[in-house]
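*Asks:* Relevant sequence annotations retrieved from TrEMBL are reproduced here:
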- 22-32: compositional bias 'Basic and acidic residues' (COMPBIAS)
- 103-118: compositional bias 'Low complexity' (COMPBIAS)
- 480-490: compositional bias 'Basic residues' (COMPBIAS)
- 137-291: domain 'EamA' (DOMAIN)
- 1-32: region 'Disordered' (REGION)
- 95-122: region 'Disordered' (REGION)
- 463-490: region 'Disordered' (REGION)
- 135-156: transmembrane segment (TRANSMEM)
- 168-187: transmembrane segment (TRANSMEM)
- 208-230: transmembrane segment (TRANSMEM)
- 250-268: transmembrane segment (TRANSMEM)
- 275-293: transmembrane segment (TRANSMEM)
- 299-321: transmembrane segment (TRANSMEM)
- 333-357: transmembrane segment (TRANSMEM)
- 394-414: transmembrane segment (TRANSMEM)
- 426-443: transmembrane segment (TRANSMEM)
Amino acid sequence: MGIREFPGGAPRGKSIAAGMRRSPDVSPRRLSDISPQLRQLKYLVVDEAIKEDLKWSRSVEDLSSGPLGLTSIEERILRITGYYGYQPWAASYKREERPRDSPGPAEAQAPAGAEAGGRTSHPCWRCSRAQLKKMFWGVVVVLCVCSSWAGSTQLAKLTFRKFDAPFTLTWFATNWNVLFFPLYYVGHICKSTEKQSVKQRYRECCRFFGDNGLTLKVFFTKAAPFGVLWTLTNYLYLHAIKKVNTTDVSVLFCCNKAFVFLLSWIVLRDRFMGVRIVAAILAIAGIVMMTYADGFHSHSVIGIALVVGSASMSALYKVLFKLLLGSAKFGEAALFLSILGVFNILFITCIPVILYFTKVEYWSSFDDIPWGNLCGFSVLLLTFNIVLNFGIAVTYPTLMSVGIVFSVPVNAVVDHYTSKIVFNGVRVIAIIIIGLGFLLLLLPEEWDVWLIKLLTRLKVRKKEEPAEGGADLGSGAQSKARRARPSFAR
């Protein structure tokens, strides 16, 4: 018994989907011509790509666009078998030949199909549950960064009214860094499924310093320089608070982002970006305008120079860390910051003692020391560093940096009611320029590509809207003409 041929020339022993890939020369005209295929439809296994093309094709959606929303079974089968000349299976073989651009993270995925009636649907902007969760935690982190940084700055200003010792306050607050690794280990015990002892976790984190771990040589070559930079950054910042108001100090410290870019471009050979050069220029212009706002008095000039020095030390700390140590995991970062606290206790303690006996930073008795303010400042600074270093685990790094910018208006409001600061035009413009430069530095490297794609999509969408309006008017006129046409059937 020979193999029976179908009208399209496909043998019966092969699958119907394989036979459909070739366009038949003679299309079936009656259901009786394809009755053998109909008996095999329920056993037909369709490829997933063909199934998606069938699902989103216009011919399939048009099946539900009839007068009553239904069409006859004969019309459905003839459409699928190629009577109307539609071959959705051919699209799956041409898909590899069409290059597709991968959308950026801020772009919406446009639906592949069309709406009933032939109208294309508009792109939908959707946020997954994970993204919403990250955004929620981002708001929490921004509030924590803003409140802790502004609170520590204001509390330091209040402390200096009773305790004029900025270096001693720096030393006291840096000693609290030893709590980083113990706090991290508590979080590790609560969250991690594989519990490790303190000794095991410590040894694993010490691999960050090399194969030999934390040796005496590594301590002095890779930890001690960063301990000095950490102390200088905080001391210059606190000393500047004595000279100028907290608003100027907080906004000028935002320039450290521009200094990080310039040093990374020179030392680390990072990618050159014109927008970041503009941001660095804005930061420098803001510094000059901030100095001019107070009339170039010696008191304010010294304070501004101290803040700029603090921002420079902070930028040097970040660039050298990336150059010498690279990137660190959470446990490694916690151990490194605890080591800085140990270095501060062992080698920096002698400096406050010397300053006390030389009466550079002198207090009459220990009872006069505002321990509440000192501990409060230390806790706020510790909270700020914890959130800034470990907040990336729950949200985006950009949102954490935005919290530092938001501390500027908070300090401005507090200074307006607690000090004699004058917000003249030059100062306001300087604050806006520095803030704008800081925000420009937060733009990702591919921001221009994403912007071009977004503008292109908006232009395409605007062009589609008039075309859809004309199609709607045309279909409405045709439907009215059909309703107005008289029927002569009896």
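Backbone N, Cα and C define each Cβ position, glycine as well.
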*Asks:* How about the transmembrane segment (135-156) and the transmembrane segment (394-414): at least 3 CB pairs under 8 Å, pairs 6 or more apart in sequence, or not?
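*Replies:* Contact between the transmembrane segment (135-156) and the transmembrane segment (394-414): present.
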*Asks:* Which listed range (250-268, 299-321, 333-357, 394-414, 426-443) shows the maximal number of Cβ pairs under 8 Å with respect to the transmembrane segment (275-293)?
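*Replies:* Looking only at 250-268, 299-321, 333-357, 394-414, 426-443, the most contacts with the transmembrane segment (275-293) come from 426-443.
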*Asks:* With pairs restricted to those 6 or more apart in sequence, evaluate whether the transmembrane segment (426-443) and the transmembrane segment (208-230) have 3+ C-beta pairs under 8 Å.
*Replies:* no
*Asks:* If you average pLDDT over the domain 'EamA' (137-291), what do you get?
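*Replies:* On average, pLDDT over the domain 'EamA' (137-291) sits at 90.
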*Asks:* Pairs of Cβ atoms less than 8 Å apart decide it: which stretch in 168-187, 250-268, 299-321, 394-414 has the most with the transmembrane segment (208-230)?
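*Replies:* Counting Cβ pairs under 8 Å, the winner is 299-321.
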*Asks:* Below 8 angstroms Cβ to Cβ, which residues of this chain, lying six or more residues outside the transmembrane segment (168-187), approach it?
*Replies:* 156, 159, 198, 201-202, 205, 230-231, 234-235, 238, 330-331, 333-335, 337-338, 340-342, 344-345, 348-349, 351-352, 355-356, 361, 374, 377-379, 381-382, 385-386, 390
*Asks:* Who are the long-range neighbours of the transmembrane segment (250-268) in its own chain, taking Cβ under 8 Å and residues 6 or more past its ends?
*Replies:* 149-150, 153, 237, 276, 279-280, 282-284, 286-287, 290, 304, 307-308, 310-312, 314-316, 318-319, 322-323, 401, 404-405, 407-408, 411, 430-431, 434-435, 437-438, 441-442
